[in-house]
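First comes the structure, then the notes that go with it.
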Amino acid sequence: DILAAFRVTPQPGVPPEEAGAAVAAESSTGTWTTVWTDGLTSLDRYKGRCYHIEPVPGDPDQYICYVAYPLDLFEEGSXTNMFTSIVGNVFGFKALRVLRLEDLRIPVAYTKTFQGPPHGIQVERDKLNKYGRPLMGCTIKPKLGLSAKNYGRAVYECLRGGLDFTKDDENVNSQPFMRWRDRFLFCAEAIYKAQAETGEIKGHYLNATAGTCEEMMKRAIFARELGVPIVMHDYLTGGFTANTTLAHYCRDNGLLLHIHRAMHAVIDRQKNHGMHFRVLAKALRMSGGDHIHAGTVVGKLEGERDITLGFVDLLRDDYIEKDRSRGIYFTQDWVSLPGVIPVASGGIHVWHMPALTEIFGDDSVLQFGGGTLGHPWGNAPGAVANRVALEACVKARNEGRDLAAEGNVIIREACKWSPELSAACEVWKEIKFEFEAMDTLDK
């Protein structure tokens, strides 16, 4: 069975058992009345069952309801159908005040019907020939308004300075100021020029997201013909069907696939209603993607540390034990489905480097947009500053130093032999994003 954990807040007067049963029925075989065609099938075989209810500590009106869904309710290899069944209709149910899907347990039999990520973590490292450290990226800013040639120039400067990747912003598709084909050509030129100068393999996440699947595939095919290593997709706005289609193409044609989660906070930010990002992360691993944005813990975007580390493990590891202290409701066995690299992006800069290196480890992408392009000396020095800071943190960690305790000291030591890093440290020494997370663990 597929197991689901729902956070249920019933309407006043509705007992939790009735609310849990309603969720199970409405998201499987049930309807609002008895119908004569019920007698033509075996409802006992197909209906969802609410098998356990537990109160939420500190909130007498909320319950965690566990529902089991028989596997025959779902089409094989279709994240689209899985979500249509489990969350498609039930969230508008009048007997519930609010409802949130906290986690899913995907059984091995269903997991094996998915291709998963096009390549996975180890294959990506082998393609890029980069080992022993996090990868580094940069979102090109301003996100909208640059011409294709100026955009390509910014890409070149960042890659030349020492970054591994640069990135289209999620809303860069094919607008009047910069059509997709022009952007692809200038970015490819920038990649090849930077590779020739540095001797390192470089990439730019070329956003293939489009208004139709056919147009999306046309862009991905053009990227492959240019010989670039990676393309990008906005998987929530583009949809799971489009994403799985693109992931299959990427595996067949040797392209890495970077996934942006634009629109996720509409679904996952409120603690009481919607769907937790760990569910969206699991679905992405099944649908397919080699990278996905996963918050930063320390930057400008929402993300509590324990929760973030919980779904980072769900993205990367083969087997994850149930651990409610990190928000993981079920043990999950991925049976060798390739892992996804989490991307830390959003309001981060060189002073965050020790914390990011400690939190995310080597199998991650640390992405500095403003933290690269905002450098007072320009894009390339901004890239140099980030690369030097990362190398210093990795070296210190490998020597056994405590990044959490000595992080600032490590960065200041590196400043002595990198004027670019010293300038960056001066610019961002006062920048902090200290707000309490909306989505927190139950205490």
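Even glycines carry a Cβ here, placed using N, Cα and C.
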Just to be sure I read the record right: ASN89, THR139, LYS143, ARG261, HIS293 are listed as binding substrate in Swiss-Prot. Which of SER42, SER336, SER345, SER364 is listed for the same site?
SER345
Residues other than LYS167, ASP169, GLU170 within 8 Å, Cβ to Cβ centroid, of the Mg(2+) site?
THR139, ILE140, LYS143, ASP168, ASN171, VAL172, TYR205, ASN207, MET232, HIS260
Spatial neighbours, same chain, of HIS260 (active site, proton acceptor) - Cβ under 8 Å, 6+ residues apart:
GLU170, ASN207, MET232, HIS233, ASP234, TYR235, ILE292, HIS293
Record-listed substrate binders ASN89, THR139, LYS143, ARG261, HIS293, SER345 have a maximum CA to CA distance, in Å, of 36
On a count of neighbouring CB atoms within 10 A, which of the recorded positions LYS141, ARG261 is highest?
ARG261
Three-state secondary structure, HIS260 (active site, proton acceptor) (per DSSP):
strand
